[in-house]
Amino acid sequence: MAMVQPKSQKARLFITHLLLLLFIAAIMFPLLMVVAISLRQGNFATGSLIPEQISWDHWKLALGFSVEQADGRITPPPFPVLLWLWNSVKVAGISAIGIVALSTTCAYAFARMRFPGKATLLKGMLIFQMFPAVLSLVALYALFDRLGEYIPFIGLNTHGGVIFAYLGGIALHVWTIKGYFETIDSSLEEAAALDGATPWQAFRLVLLPLSVPILAVVFILSFIAAITEVPVASLLLRDVNSYTLAVGMQQYLNPQNYLWGDFAAAAVMSALPITIVFLLAQRWLVNGLTAGGVKG
């Protein structure tokens, strides 16, 4: 026999569902509006959510194709969006891999080894990470300007310089992976040592396979942070062809001519790499975030 819910419980359930729907609508509306702007004729930021007439002109320009106007004029692509997208994926991918590698080895040292000043180093890393990157922009510019004189591939206007700058943001990830490592019983590594494994082999063959969920989380968070970052990339990159998509999209918002439709199409394209990476790694995301809590 089905249980009859009291009216008060039904009302609470209805209100809960209504609030959830309103919350989802508040999140989805800006995204749908950006898509709608990219499908409208002209470069206008205002208008209905559903375009009266769908136009693919902005998408053609973003993909590098010329567009023929009604009067016969040919409009070439104003900016190399696909090149910017590739630059973004390249910089974010290499940065994320480097951050995972550095964070994992540092976290292993803090979780398994004993050395003087370990607690001080951990706290210091976390404190320095609390300050926003914009506070160090002047210092970063001077640093990479000087580094470029000796090591050209990590100087100004190079992707290597941007990647090198992003590798500095590992403190929070070190804490997260350290907490995950501390949840793994050290007896597994001791058993591997009894079988003749070196510390490096125990780390590589025992600890790393058990840490795939948290490594996937760190990779996703690092990838998203790098592909959406603007201040550091806009400071270090000068050449238009070297821009990442997040930096290059600002070129559409010229004070004399706001290209909102083209900007919206490029904005939607910028979300594709993040969506693909998230979908590929989502099965590890919840487990990694749950088990990777910072442990004292």
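Every residue number used here counts from 1 along the chain in the order it is shown.
Cβ from N, Cα, C; glycine included.
According to Swiss-Prot, the protein carries these features:
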- 85-281: domain 'ABC transmembrane type-1' (DOMAIN)
- 1-18: topological domain 'Cytoplasmic' (TOPO_DOM)
- 40-81: topological domain 'Periplasmic' (TOPO_DOM)
- 103-123: topological domain 'Cytoplasmic' (TOPO_DOM)
- 145-150: topological domain 'Periplasmic' (TOPO_DOM)
- 172-204: topological domain 'Cytoplasmic' (TOPO_DOM)
- 226-259: topological domain 'Periplasmic' (TOPO_DOM)
- 281-296: topological domain 'Cytoplasmic' (TOPO_DOM)
- 19-39: transmembrane segment (TRANSMEM)
- 82-102: transmembrane segment (TRANSMEM)
- 124-144: transmembrane segment (TRANSMEM)
- 151-171: transmembrane segment (TRANSMEM)
- 205-225: transmembrane segment (TRANSMEM)
- 260-280: transmembrane segment (TRANSMEM)
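Each residue in the topological domain 'Cytoplasmic' (172-204) gets a DSSP state, and the totals come to 24 helix, 0 strand, 9 coil.
The DSSP breakdown of the topological domain 'Periplasmic' (40-81) into helical (H, G, I), extended (E, B) and coil residues amounts to 7 helix, 4 strand, 31 coil. For the topological domain 'Periplasmic' (226-259), residue counts in helix, strand and coil come to 20 helix, 4 strand, 10 coil, using DSSP. Ranked by number of Cβ pairs under 8 Å to the transmembrane segment (260-280), the listed stretches 19-39, 151-171, 205-225 are led by 19-39.
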